[in-house]
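A.B. asks: Take this structure, written in structure tokens, and hold onto it; I'll ask about it next.
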Amino acid sequence: MHIWISIPLCFMYLVSILGNCIILFIIKTDPSLHEPMYLFLSMLAVTDLGLSLCTLPTVLGIFWIGARDIGHDTCFAQLFFIHCLSFLESSVLLSMAFDRFMAICRPLHYASILTNTVIGRIGLASLGRSVAFIFPLPFMLNRFPYCGSPVLSHPYCLHQEVMKLACADIKANSIYGMFVIVSTVGIDSLLILFSYALILHTVLSIASRAERLKALNTCVSHICAVLLFYTPMIGLSVIHRFGKQASHLVQVIMGFVYLLFPPLMNPIIYSVKTKQIRDRVIHAFCR
């Protein structure tokens, strides 16, 4: 059955990689899209591309050639990049929420505050935060002895699962892992929620119904991206830490949704819902 399961997985990876590459190509080659909203979108596409490439070798390796083994160092490197890129995506989604807040609530200051220099600094700060939080994890895992049946629930390595294979006290890893999630995903999601509360307050004060809908429509793509990312990520984290009675199948499915769906769906959502991107995609393939 593995060869048949690999066909939709391979198709999903192909669509994800091509979709994000097309988004990056369109934004890079069209000077009119060198604006804050699209620069943040290009950061999201780069992050999604990285997530897809991180998991692709081990996922398709299992289904195509039966490569079921992974070395400790390779596993630790993979989980470093997966978690680092996941938290980077959380930061990018927060930056995109700030972009929407400035565009709708502070339109007169939008261009003067979100300059290319500021956007570059936001990107570097987001990357630095992710690396700083995730950098200790491989070293914390490397100090453990591992015994028993070293079988993972997913075809890639995640910190919350690998640490359970250790024959030692993992309390420090568990506490630090929870601290990292609260300090990144927890704070980011609260700030995104706060941004949209302010956006909604501003939009409801607009007299024209058409203008209200126009303003909200610019946020639809980002809201979908936020839900696609945070819902499975939080769900998987809760299952691994507290859902001891959850079936193995649920863990596997949540793992695939967590790492495959956001990179797959984000370029599709932005291509469909963002007129500027949609028009250029149609023009590129129909000329």
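Using N, Cα and C of the backbone, Cβ positions are placed for all residues, glycine too.
Straight out of TrEMBL:
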{"type": "TRANSMEM", "residues": "6-27", "note": "transmembrane segment"}
{"type": "DOMAIN", "residues": "19-270", "note": "domain 'G-protein coupled receptors family 1 profile'"}
{"type": "TRANSMEM", "residues": "39-65", "note": "transmembrane segment"}
{"type": "TRANSMEM", "residues": "77-98", "note": "transmembrane segment"}
{"type": "TRANSMEM", "residues": "110-135", "note": "transmembrane segment"}
{"type": "TRANSMEM", "residues": "175-199", "note": "transmembrane segment"}
{"type": "TRANSMEM", "residues": "220-243", "note": "transmembrane segment"}
{"type": "TRANSMEM", "residues": "249-270", "note": "transmembrane segment"}
A.B. asks: As a test of reading the model: what is the averaged pLDDT for the domain 'G-protein coupled receptors family 1 profile' (19-270)?
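C.D. replies: Here the predicted model's pLDDT, averaged over the domain 'G-protein coupled receptors family 1 profile' (19-270), is 88.
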A.B. asks: Take the transmembrane segment (175-199) and find every residue of the same chain, 6 or more past its ends, with a Cβ under 8 Å from one of its Cβ atoms.
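C.D. replies: For the transmembrane segment (175-199), the far contacts come to 87, 90-91, 93-94, 97-98, 100-101, 104-105, 129-130, 133-134, 136-137, 140, 159-160, 163, 215, 219, 223, 226, 230, 233-234, 237, 241.
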A.B. asks: Is the transmembrane segment (6-27) packed against any residues at least 6 beyond its ends, judged by a Cβ distance under 8 Å, and which are they?
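C.D. replies: Those are 33-34, 38-39, 41-42, 45-46, 48-49, 52-53, 56, 59-60, 63-64, 260, 263-264, 266-268, 270-271, 277, 280-281, 284, in sequence order.
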A.B. asks: Any residues 6+ beyond the ends of the transmembrane segment (249-270) with a Cβ under 8 Å from its own?
C.D. replies: 9, 12-13, 15-16, 19-20, 22-23, 41, 44-45, 48-49, 51-52, 55, 82, 89, 153-154, 156, 158, 221, 224-225, 228-229, 232-233, 235-236, 239-240, 243, 277
